[in-house]
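K.L.:
Below, the features straight out of Swiss-Prot:
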- Gly153, Gly154, Ala155, Gly156, Val157, Gly158, Lys159, Thr160: ATP binding site (BINDING)
Amino acid sequence: MSAGKIVQVIGPVVDVEFPLNDELPDINTALNIKKDDGSVLVTEVALELGDGVMRTIAMDGTDGLRRGLEVENTGASISVPVGDDTLGRVFNVLGDPIDGGAEFGPDAERMPIHRDAPKYDELNPTTEILETGIKVIDLLEPYVRGGKIGLFGGAGVGKTVLIQELIHNIAQGHNGISVFTGVGERTREGNDMYWEMKGSGVLKQTAMVYGQMNEPPGARMRVALTGLTIAEYFRDVKGQDVLLFIDNIFRFTQAGSEVSALLGRIPSAVGYQPTLATEMGQLQERITSTKKGSITSIQAVYVPADDYTDPAPATTFAHLDATTNLERALTQQGIYPAVDPLASTSTALAPEIIGQEHYDVATEVQRVLQRYHELQDIISILGMDELSDEEQTIVQRARRIQFFLSQPFSVASQFTGMDGKYVKLEDTIRSFKGILDGKYDDLPEDAFRNCGAIEDAVEKAKQMNDAVANN
């Protein structure tokens, strides 16, 4: 292929000049730059400036580059290793192992990270529920197999812990393959997750791809595509159902904003890139169910300043089948996972998909919680005594439901000292139906905290009564 030379370096942006009589590289083509120390830097063509000069974005640090260095046009986009050999391994955006394990040789199967979304006639039109073992999710915002789910929340409300628990439950409960993509998050968290997953035994069913906070914006913008490409191989070639975790999709948008500014584009609303909707669509449209297999994507979405009207989370909303909203007020009450049962939604919450009994229990739980929410102002001003008997009953049951929506997580057991609970969907429906019917009105409220099925609450109430009797 043709060779060029560096004419300008501005941070992570490298301008490369090619001879005008040679064929210029296409947009998204990978270029290799051999530094003086022998290492190779990969950049990706982003813009044509004219007169044979291409503006490229570096996938690693640009230290050691100088004007005049030769640049090789690879003639293809970045490609990454795929297949069973990726399971249990950790990669960077280029598909290079970063876990100290064996390198992938030239014969390893690879796929380009830039690919078209599946065609309409390849899509699977059926809707199937994915059981997660987490009560609040399975009951009130059921996840669709092959769907896209957003975990919304500000800093420190538990998005990453919830993702870890979902990986744990899907690997243990469904023996499913997962691809975890760390986009622009803390390196410490990525390291902790690697060792936790290795210790719990789920790593052997998971491929991990990291482009963390310390990486250049080009790597953070493309690492989501690297993880998606690995997942697409298992779906399209192996015919498997795959879970794709992206933590954090906001950082994908943020990196795109940085790259857009470096390329000299005029910013759009709130300083975001004008191509925000296009970039998000190109990623999200590849995440879907086909007739061969499915990719179910669970994406943590950081909400800047807890503002859901910010263009980044608002653009993500349009692509989602279900949303799990994490609420800081619930963490202050000690309710984990801090999922807001009224703000979280799912397109699958319909009787023709989940069944009439599940639908009736879920909507009644929401009605009771909504009524409790409406009565809270009266309670705070006038007290419980001013409520009617019926309203007092609703409040008491709503508080039990609110506490019962909490659940101990396996991945958080070292912090909480409690063993994690996986609750089957039928047990979840049965338990909440019993609370709504008033079967457990005599149990103390605190017995419902951090339980699995309702039998745990009954046992906890018995222990509390025994402790009081012994005192």
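Cβ coordinates come from backbone N, Cα and C, glycine included.
So where do these features actually land, and what's packed around them?
P.N.:
DSSP assigns Val157 (ATP binding site) to coil in the three-state reduction, placing it in neither a helix nor a strand.
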K.L.:
Which is it, of Gly156, Gly158: the one of these binding-site residues whose Cβ has the most other Cβ atoms within 10 Å?
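P.N.:
Most Cβ neighbours within 10 Å: Gly158.
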K.L.:
Per 10 Å Cβ neighbour count, which of the binding-site residues Gly153, Gly154 ranks highest?
P.N.:
Gly153
K.L.:
Of Ala155, Val157, Lys159, Thr160, the binding-site residues given in the record, which has the fewest other CB atoms within 10 A of its CB?
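P.N.:
Among the binding-site residues Ala155, Val157, Lys159, Thr160, the lowest count of other Cβ atoms within 10 Å belongs to Ala155.
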